[in-house]
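Listed features, source TrEMBL:
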- 21-42: transmembrane segment (TRANSMEM)
- 34-162: domain 'Tripartite ATP-independent periplasmic transporters DctQ component' (DOMAIN)
- 62-80: transmembrane segment (TRANSMEM)
- 92-113: transmembrane segment (TRANSMEM)
- 133-158: transmembrane segment (TRANSMEM)
Amino acid sequence: MTATSPPPHVLTKILRLWQQILEAASIILLCGFVSCIFLQIVLRNFFNFGHAGIEEVARMQFVTMVYFMIPVVFCENGHLQIDMFTKPLKGWAAFAFQLFALIAILLFTIAFLRSDYLFMKKAWNVATPALALPNIVFFAGPYVGMISLLIFTIERFVNLLRPQRREE
């Protein structure tokens, strides 16, 4: 009896592409963040001039980068790298641990998105100090990242509960 994995589902291919897009966007955001910080250092030290807008853009890029990388790290199992604890687990114990971790991530992500929804319901149009961006724009990156994490977690949860196909 040999176990073969079925060809990837179209949705799985789309999610892997989305993961790559998030990772590439995070790298671009990191470059932009570093460039903004470097520009601020040069402006302040050599021209005695600082611009609050550059700092705000850097902050927005950094926050967005962090939240874009959360689902990427999740997809690469970077969230569960407690080797001394998880490596020895086999069989039902490994399954139970994975199930517990996925349920915890699902609950946390739902709670996060709900609390942000309640916050944005009242403060979506409050402007940032330097660039006057509304909160809904400033925090769009974290929403995209956390919604992506929710979708990736649901996909993994469904795959964990789905019985494996085996060809004889």
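Keep in mind that glycine also has a Cβ here, set from the backbone N, Cα and C atoms.
For the transmembrane segment (133-158), the neighbouring stretch richest in Cβ pairs under 8 Å, chosen from 21-42, 62-80, 92-113, is 62-80. A Cβ distance under 8 Å defines the sequence-distant neighbours of the transmembrane segment (62-80), meaning residues of its chain 6+ beyond its ends; these are 16, 19, 22-23, 25-26, 29-30, 33, 86, 101, 105, 139-142, 144-146, 148-149, 152-153. For the transmembrane segment (21-42), the residues of the chain that approach it from at least six positions outside its boundaries are 50-51, 54-55, 57-58, 61-62, 64-65, 68-69, 71-72, 145, 148, judged by C-beta separation under 8 angstroms. Broken down with DSSP, the domain 'Tripartite ATP-independent periplasmic transporters DctQ component' (34-162) shows 103 helix, 2 strand, 24 coil.
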